[in-house]
Amino acid sequence: MVDRLVHVLASGVFFSGFMKDFFCLPRPLSPPLHRITMSGSAALEYGFPSTHSTNAVSVALYSLLILRDNPSIPDNQRIIYIILAALYATSIVFGRVYCGMHGFLDVVVGSILGVILALAEWVYGPLTNQWVWYGTWIAPLTMTLAILVFVRIHPEPADPCPCFDDGVAFAGVVIGIEVGQWHYSKTSFGWNAPVPATVPYSFQSVGAVSTFLRFAMGVAIIFVWREVAKSVLLKYLPPLFRFIGRIGLVLPRRHFIDARDYKSVPSHLPDETIPPIGQLPRMIRRGRSDSVGPQSAADAYETLAFRERKRRESLGQEGMSPGSRSPVRSPLGQENGSNNVNNSLGGYVQQQQQQKLKEEEEKASEETYEKQERDMLSQIEKPRVRYDVEVVTKLLVYSGIAWWAVEGTPILFELVGLGAGQPGADR
């Protein structure tokens, strides 16, 4: 059941990010809105649709479907679970609007996407699991190739956006889960009940001390794997990518530097998904931020476009003043006396002066707009350099994390005496 919940979350992050990078619609303008967030990278994403709304609605709906499928739960508990699920979803959805991170269209479309993904997993998830558990190696290979295709066709956004990073990380997690579950179900270490590839665990047989040791060992293994695998891959993948590029198989992506254009990759690139251990205390102590003003290039261009539209509307209204609406009549050809000629010449000269003044105002306004653009873009934090090998590195690192979770550490626990079942036990 946990793997199906991971599928719901992964599909929510990936497909909402897919839509964000496809439409490239910014978040609501700030100012006038204040943005309240505890995430440093969330404000750098596009706004449509809301990933938080997608995941909140999908998880709540999927939980309610599980609740409906278990009639043995007492009615009073059932009511409590329904209320909790509803509060969870509505608080996050409306909270995103309250925090100034999304508009109503963002959360509505995100919620609809969450409903679709939850229903799709509920209907087709069991079939996929059966195919992986009882199938040959073709099943995980097919799943892996399908996920890689989705990663490859992920839209390239107009501006650097962390949506792709989050989607790639979750894609790697799903690959690791499918490969790990398939192989673990074929070993003698897992239980076959309630479903194949069940990790042996019972608090009564394991105990509190062993449970704590399992948890500590599992977390330590994940962090060690992440550090070691990331360093090794960032060191040895660039030469491989250069060789692939020489034979014409390079697959460039916007905002990522080709391996042929750099010599080496820093071994400790920042990772917003799972930060290094040294950054955890700072993240725990970090409070919420209340920001006003553009926080990304998309925000800046949206603000500038809004100001430009207002400026043009203002100039258009000035151009429609009573003096400017009077038609220009040439003084030549007037035969109604010298007064008419003088009046026409005076009107012509006055309108020429107004036109010249208007052109000067437009020129000054253009210069002001360009200065505002330079000043605003200079305040935006420049995105760091991105390397093409980071995509494959993230896929492999997070695939490994998921594999350790569903197969690697369960086998290790059995081997070191922290397990709950004997190898080969069919429970």
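Every residue, even glycine, has its Cβ placed from backbone N, Cα and C.
Predicted automatically and left uncurated, TrEMBL annotations should be read as such.
Summarising the annotation, TrEMBL assigns compositional bias 'Low complexity' to 336-355.
Annotation comment: TrEMBL describes 356-376 as compositional bias 'Basic and acidic residues'.
What TrEMBL records for 2-122 is domain 'Phosphatidic acid phosphatase type 2/haloperoxidase'.
Annotation source TrEMBL lists region 'Disordered' at 268-297 (among others).
TrEMBL lists 312-376 (among others) with the feature region 'Disordered'.
Residues 45-51, 54-55, 58-59, 62, 109-110, 113-114, 117-118, 120-121, 125, 150, 154-159, 161, 163-164, 166-167, 170-171, 173-174, 177, 298 of the same chain sit 6 or more residues outside the transmembrane segment (6-25) yet have a Cβ under 8 Å from a Cβ within it. Feature annotation from TrEMBL assigns transmembrane segment to 6-25 (among others).
Taken from TrEMBL, the feature transmembrane segment covers 46-67 (among others). Beyond its flanks by at least six residues, the transmembrane segment (46-67) meets 1, 4-5, 8-9, 11-13, 15-17, 19-21, 23-28, 73, 78, 81-82, 85-86, 88-89, 92-93, 96, 101-103, 105-107, 109-111, 113-115, 117-119, 121-122, 157, 161, 163, 166, 298 of its own chain at Cβ-Cβ distances under 8 Å.
What TrEMBL lists as transmembrane segment is 79-97 (among others).
Residues 4, 7-8, 11-12, 15-16, 19, 27, 47-59, 61-62, 65, 89, 93-94, 96-97 of the same chain sit 6 or more residues outside the transmembrane segment (104-125) yet have a Cβ under 8 Å from a Cβ within it. The transmembrane segment annotation in TrEMBL covers 104-125 (among others).
Among the features that TrEMBL reports, transmembrane segment is placed at 131-151 (among others).
If you look up TrEMBL, you'll see 204-225 (among others) marked as transmembrane segment. If one looks beyond the transmembrane segment (204-225) by at least 6 residues along the same chain, the residues whose Cβ comes under 8 Å of a Cβ in the stretch are 274, 277, 397, 400-401, 404-405, 408-409, 412-413, 418-420.
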Open item on the list: As a quick check of your reading of DSSP, tell me how many residues in the domain 'Phosphatidic acid phosphatase type 2/haloperoxidase' (2-122) are helical, how many are strand and how many are coil.
Closed with: 86 helix, 3 strand, 32 coil
